[in-house]
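Asker: Below you will find the structure I want to go over with you.
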Amino acid sequence: MVKETHRFEPFTEEPIRLIGEEGEWLGDFPLDLEGEKLRRLYRDMLAARMLDERYTILIRTGKTSFIAPAAGHEAAQVAIAHAIRPGFDWVFPYYRDHGLALALGIPLKELFGQMLATKADPNKGRQMPEHPGSKALNFFTVASPIASHVPPAAGAAISMKLLRTGQVAVCTFGDGATSEGDWYAGINFAAVQGAPAVFVCENNFYAISVDYRHQTHSPTIADKAHAFGIPGYLVDGMDVLASYYVVKEAVERARRGEGPSLVELRVYRYGPHSSADDDSRYRPKEEVAFWRKKDPIPRFRRFLEARGLWNEEWEEDVREEIRAELERGLKEAEEAGPVPPEWMFADVFAEKPWHLLRQEALLKEEL
């Protein structure tokens, strides 16, 4: 449990970092997380990576039609999930956040059901893959248009303030979203209203193929917070503890009524932007290899090993548990069966109007 706040200064020139490349502790305060918590963070990162790998298998075997690889984002996404109160606070995610969804507690059956458009999908197969949502966990259904979820996140946070619920809205997005008008409008309004919101940029340096340095003249995305009059934090997003502590501090700051923050978590996506992208056309292999050496999972593994919290036997046990969970979740999603065609007419009106009833009848005749 985090015992203090205000540990970090905003607008630093270098990313905030707590774990060194060899796993050494760099913090100027004592680590106050218990061993089981640290192990859970690592397990969730492994699960996120293994889920990402399973999604790749789904696309290559023709079982789904689209994926947005997130390998390299694990530390950032798991940290966000652990920094909030699941099922109480709200999350407004973006399309690469399946690791965040899993760490938050969305069942694998639902995640796979959404990817396969089976009856296991709470959205009833109406969204394209990589667009999960969870009413139970206050996980806003992913929206495709870039940054379009930022104004709703601001609005939700304002309502939380007016109703004095004590909740916080956390909104995530990629670096490309920061070039959209909705992004500026949403954060500006949240700042003006002093809303309990935390806006988190998972900056992987590319908006599909466009280098973020070609999108903005601002030295960092965190620096954009100056325009809104809110604090902006630049963080090594491949450092799970730095990401956790900074996001946690921003969340609790918002919960105390001190307004929103902007957090830039610098990460690197190891795969293409999506299954429809060839990243070799715009990223040199040497660049990818450089960032591979900074993989957040081995880095945190070294940190745990130095504290006697990791060994190869424990790692294999954890991997086997995750493999079994993935197999079970996928099996349950597939066995749920495809969504029936008539579901497309449900949940549109409280009472179906005549024209929908007529269309439904015509469809049944054709089938």
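Along the chain as shown, the residues are counted starting at 1.
Backbone N, Cα and C atoms are what each Cβ position is placed from, and that goes for glycine too.
The feature substrate binding site is assigned by Swiss-Prot to Phe66, Tyr95, Met128, Pro129, Glu130, His131, Ser144. What Swiss-Prot records for 94-96, 144-146, 174-180, 204-208, His273 is thiamine diphosphate binding site. Marked as Mg(2+) binding site by Swiss-Prot on the basis of similarity to another entry: Asp175, Asn204, Tyr206.
Give me the structural setting of these features: burial, nearby parts and distances.
Answerer: When other Cβ atoms within 10 Å of the Cβ of Pro129 (substrate binding site) are tallied across all protein chains shown, the result is 23.
Neighbour density for Ser144 (substrate binding site): within 10 A of its CB lie 12 other CB atoms from the protein chains shown.
Following the DSSP three-state reduction, the secondary structure of Tyr206 (thiamine diphosphate binding site) is strand. Around Tyr206 (thiamine diphosphate binding site), the same-chain residues six or more apart in sequence whose CB sits under 8 Å from its CB are Asp175, Tyr212, Arg269, His273, Asp279, Tyr282, Arg283, listed in sequence order.
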Asker: Among the binding-site residues listed here (Tyr94, Gly174, Ala177, Glu180, Asn204), which has the Cα closest to the Cα of His131 (substrate binding site)?
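Answerer: Checking each of Tyr94, Gly174, Ala177, Glu180, Asn204 against His131 (substrate binding site), the shortest Cα distance is to Tyr94.
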Asker: For His131 (substrate binding site), which of the three DSSP-derived states applies: helix, strand, or coil?
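Answerer: His131 (substrate binding site) sits in coil per DSSP, no helix or strand.
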Asker: Just checking a number: largest C-alpha distance across Phe66, Tyr95, Met128, Pro129, Glu130, His131, Ser144 for the substrate site, rounded to a whole Å.
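Answerer: Maximum Cα-Cα distance: 12 Å.
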Asker: Taking the binding-site residues one at a time (Phe66, Tyr94, Tyr95), which has its Cβ surrounded by the most other Cβ atoms within 10 Å?
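Answerer: The residue with the densest Cβ neighbourhood is Tyr94.
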Asker: Within 10 Å of each Cβ, count the other Cβ atoms and name the one among the binding-site residues Met128, Ala177 with the highest count.
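Answerer: Sorting the candidates by Cβ neighbours within 10 Å, the top entry is Ala177.
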